[in-house]
Amino acid sequence: MRLISCHQLQRSNMNLTFLAATVALLAAICDCGSPGSLPSFILPLSDCVQSHGRDGFYRGAIDITESGARCMNWTDVAGFRERYPGKGIGEHNHCRNPDGRIRPWCFFRNNRGRVDWGYCDCKQGSVRLQGGRSKLDGRVEIYLSGVWGSICGDDWSDKDAAVVCRQLGKGISGRARAVALVRSGIAKLHWRAVHCQGEESDLLQCPKTTWNGGECSFAATVTCTQQQATLPIRLVGGRSKSEGTVEVFHAGQWGSICDDQWDNSDAEVVCRQLGLSGVARAWGQAHFGKGSGRVWLDEVRCTGNELTLEQCPKSAWGEHNCLHTEDAGVSCHALTDGTVRLVGGTGSHEGRLEVLYRGQWGTVCDDGWTDSNTKVVCGQLGYRLGETLPSEGLDITPVPRFGVGSGPILLDDVSCTGKESSLLLCNKREWLRHDCTHHEDVNIACSPVHSGESLPTSVPIRLVGGERSTEGRVELYLSGQWGTVCDDGWTDRGAEVVCRQLGHSGSAKARVMAYFGEGTGPIHVDNVKCSGEERSIAECIKQAPGTHNCRHSEDAGVICDYGESQPSNKDVKDMETAPSSTKSEWETTTPLSLRNMKRNMALIKLSSIQATTPIAMITTWPWFVYHRGQWDSFQESVCHSVVTSFPLVCL
């Protein structure tokens, strides 16, 4: 869904009010047509900003808006943290963009003491080195309130220099130097002194003293080392030194990493940093046991090419929304004959079966392949159950589900009882002896649940509580009863999988916070993470059914075939004949809340609007807008008049 952000809304006589109990929700109108004939409350094109959302989220320590206001703690706005789990919202006031906007923002209190919001100055707190002989040294300048300025170096230390080097990505240590202030050509000093501990990620996190004049002999200067950052890490709780829960050392103590976004790419970096070769695999949900100290990091997002975990994007230290039940782990198993892997699937739990022999990966022929064989392979990979996937296409030219292999065919006629711990212990032909082609490669899908109850590969689902069959609260049928899905981690990608499984081919949108009402049965699953390509919601479930930390107020929902419906006759009224309003503030004919917005029509009235002036009306979802003689659906509108939806706040 597009959000049209009216970030410079003219207030004139409007008194905009919070409409939702949990968080600010306001309606605003933007128009990007010709400004010449528009009413005064409609903004021209230059003030309309589109945000399509991104996978990346701001994780810095900026806590000041562009106007200079200090940000409020996110937890001071009730319900906002719960609405955006895993997006960096917590017990802090750092700017964030949890809703996917291009620019970070925050809540603050305006001069009247009311909650307002504003975009943050992304440069605030940035540092640079000036006047040095290389990119690794120079006079330190920091950007504050729109101006670059220096720091007095009279009390400058190596710990302060280390933080600057870390913030610039130039290593984790640095040497403090100073240059005489009288010959440095400095136009402005921001701080008199900085007192870092040396572990901070940027200078804004350090105690400091603002420059208010007086004596200063030197400007702070640094020389950074070229060494790569090395964050101390270890594995604990495993059966060997090559597996376990990942712990990192920070601020004098060991702590764990939350498994949000934790995958095999992160595991590869951990294994590489520890000097462990072999197959790197990521584990979540405290697979090797729960930690007892701090949860130090969250949302680690390595590409797999980094040398150390320090080089990967991640949250700020101690910033997370996790429990120790979500501790991340890795296994770094040596490459030996009989090591197995699944390739070509959407994750490490499914794909074409490959086995290692004499340093080379090859496939396994499906002659005589049984579910007992699959059970052994899945068990060897750490999963409890799985299924063999048949080839697709005509019998005469079958095509393996996850593609045709290209290496040698290493095994054929494998026969297991299902109790073996390794494929090597099963009966089979000699290595490389077979009568097969790669069109007979074995394809397997293991259950993505590592512990607790295992799921079938296809789970019955239904939608409940919607106004039509294409929308509603998502319910799964497990253990003989229907239950709900918690909205932790619930995204449009999960909605796509649900809608596809139900036979809908249109676009899909996720809904959270019991948008379609609260369920009454069990909460079956939590932390559902889909890529959008899965065939069944069961493939997205990453933890044991029944394991959650949710209430029914967090039930997940979906809208299938999003945007393809049109407003019914009873919803659409001729707004050109709407009575004029003489009130000076926005009002609605029916109360709105986060849960009944889509059910109740709301007629927004503005002061000074004549009876013939087109204005917007919220109808059944999706919202529709009456603009210049025609109705237009919200998600199809490029820059027409729109009624903005949660979480956009215009004050």
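Don't overthink the numbers, they just go from 1 along the chain as shown.
Glycine too: its Cβ is placed from the backbone N, Cα and C atoms.
Copied over from TrEMBL, here are the features:
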- 578-589: compositional bias 'Polar residues' (COMPBIAS)
- CYS152-CYS216: disulfide bond (DISULFID)
- CYS196-CYS206: disulfide bond (DISULFID)
- CYS258-CYS322: disulfide bond (DISULFID)
- CYS271-CYS332: disulfide bond (DISULFID)
- CYS302-CYS312: disulfide bond (DISULFID)
- CYS416-CYS426: disulfide bond (DISULFID)
- CYS486-CYS550: disulfide bond (DISULFID)
- CYS499-CYS560: disulfide bond (DISULFID)
- CYS530-CYS540: disulfide bond (DISULFID)
- 47-125: domain 'Kringle' (DOMAIN)
- 127-225: domain 'SRCR' (DOMAIN)
- 233-333: domain 'SRCR' (DOMAIN)
- 340-447: domain 'SRCR' (DOMAIN)
- 461-561: domain 'SRCR' (DOMAIN)
- 568-589: region 'Disordered' (REGION)
- 1-32: signal peptide (SIGNAL)
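Overlay of TrEMBL annotations on the structure.
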residue: CYS206; record: disulfide bond; DSSP class: coil
residue: CYS302; record: disulfide bond; DSSP class: coil
residue: CYS312; record: disulfide bond; DSSP class: coil
residue: CYS322; record: disulfide bond; DSSP class: coil
residue: CYS332; record: disulfide bond; DSSP class: strand
residue: CYS416; record: disulfide bond; DSSP class: coil
residue: CYS426; record: disulfide bond; DSSP class: coil
residue: CYS540; record: disulfide bond; DSSP class: helix
residue: CYS550; record: disulfide bond; DSSP class: coil
residue: CYS560; record: disulfide bond; DSSP class: coil
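Over the domain 'SRCR' (233-333), the average per-residue pLDDT in this prediction is 87.
When the Cα of CYS426 (disulfide bond) is compared against those of the disulfide-bonded residues CYS152, CYS271, CYS312, CYS322, the shortest separation belongs to CYS271. In terms of C-alpha distance, the listed disulfide-bonded residues CYS206, CYS322, CYS550 place CYS206 closest to CYS216 (disulfide bond). Reduced to three states, the DSSP call for CYS152 (disulfide bond) is strand. Shown for the domain 'SRCR' (127-225): DSSP residue counts in helix, strand and coil, namely 16 helix, 41 strand, 42 coil. The Cβ neighbour count for CYS332 (disulfide bond), using a 10 Å radius over every protein chain in view, is 24. Across the domain 'SRCR' (340-447), DSSP helix (H, G, I), strand (E, B) and coil residues number 16 helix, 34 strand, 58 coil. The distance from the Cα of CYS560 (disulfide bond) to the Cα of CYS550 (disulfide bond) comes to 24 Å. Comparing CA positions across the disulfide-bonded residues CYS271, CYS499, CYS530, CYS550, the one lying closest to CYS152 (disulfide bond) turns out to be CYS271. Ranked by number of Cβ pairs under 8 Å to the domain 'Kringle' (47-125), the listed stretches 233-333, 340-447, 461-561 are led by 233-333.
Its own atom aside, the Cβ of CYS152 (disulfide bond) has 24 Cβ atoms within 10 angstroms in the protein chains shown.
Of the candidate disulfide-bonded residues, CYS206, CYS312, CYS322, CYS332, CYS499, the one lying closest to CYS416 (disulfide bond) when CA atoms are compared is CYS332. Cα to Cα, CYS530 (disulfide bond) and CYS550 (disulfide bond) are separated by 19 Å.
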